[in-house]
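Annotated features, as they stand in TrEMBL:
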type: TRANSMEM; residues: 6-23; note: transmembrane segment
type: TRANSMEM; residues: 44-61; note: transmembrane segment
type: TRANSMEM; residues: 67-90; note: transmembrane segment
type: TRANSMEM; residues: 102-122; note: transmembrane segment
type: TRANSMEM; residues: 128-149; note: transmembrane segment
type: TRANSMEM; residues: 161-183; note: transmembrane segment
type: TRANSMEM; residues: 189-210; note: transmembrane segment
């Protein structure tokens, strides 16, 4: 009874964390809808998760006491169907056709085939075992699908296209459902989620490494830009000082010295004396002219 109660509590906790996992791409799809482009995001993880949640819902319906499995995976299937639809709408033409084909093959064709074959050709425990193996394999695919994003992170040295929230909640989800599988003794739930826990841990490590590198790179870039501006400012100030010195030397060379007050006074005295001499000499010139006229007149007489 205590184990059943504990498994129920862990199952509820697993439901909450799984719903958070399924909700974590909302930020990504807000960006996709806003920009009307899927950019470098990958659509395959959503297609594989849609198939996985659909089959787990079917598995929960087949398994006695599997209601917690049905609730969480049913909600997850609805959300993943919305994500796949949005991705196909905003994907470029080539990518749109590719993902539409993949969704049709796996989410419609393969799922329908599995349900029909297991329902019509198998019975009881065999049916549950077949569906359980398929679910375990697809869950591994769901946990491994972000490895594509992880490869992109390592290649580009950027965590832009590997959301932290998704990696973190996949890590938690794998851990909680691993504990649940031990309590209810379900091998099909335990193995893929234990592997998912390990893969989630790896993704978090990669995210932390390249997030720190991106931060260091941005800091180095800021320092480099700051030093560049400082050098340019120093060069400009030096050039300005040189131009000012050159202008001052030119002004010094071409400007005449201003006369002093004593020189101005002496110069005025000279002009005044010269003027007075010219004025006093005028009557003498008039006398000479008068005498010359008188001599001429006397001679004529």
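Every residue gets a Cβ built from N, Cα and C, even glycine.
Remember, it's a predicted structure, so these values are computed and weren't measured experimentally.
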Which one of these stretches, 6-23, 44-61, 67-90, 128-149, 161-183, has the most C-beta pairs shorter than 8 Å to the transmembrane segment (102-122)?
44-61
Of the listed stretches (6-23, 44-61, 128-149, 161-183, 189-210), which one yields the highest count of Cβ-Cβ distances below 8 Å with the transmembrane segment (67-90)?
44-61
Against which stretches of its own chain does the transmembrane segment (44-61) lie, if we need a Cβ under 8 Å and a gap of at least six residues from its ends?
22, 25, 67-70, 73-74, 76-77, 80-81, 83-84, 87, 99, 102-103, 106-107, 110-111, 114-115, 128, 131-132, 134-135, 138-139, 141-142, 145-146, 148-149, 188
So which residues does the transmembrane segment (128-149) touch in its own chain, when a touch means Cβ under 8 Å and the partner is 6 or more beyond its ends?
42, 44-45, 48-49, 51-52, 55-56, 58-59, 62-63, 114, 118, 122, 161-162, 166-167, 170, 174, 187-189, 191-193, 195-196, 199-200, 203
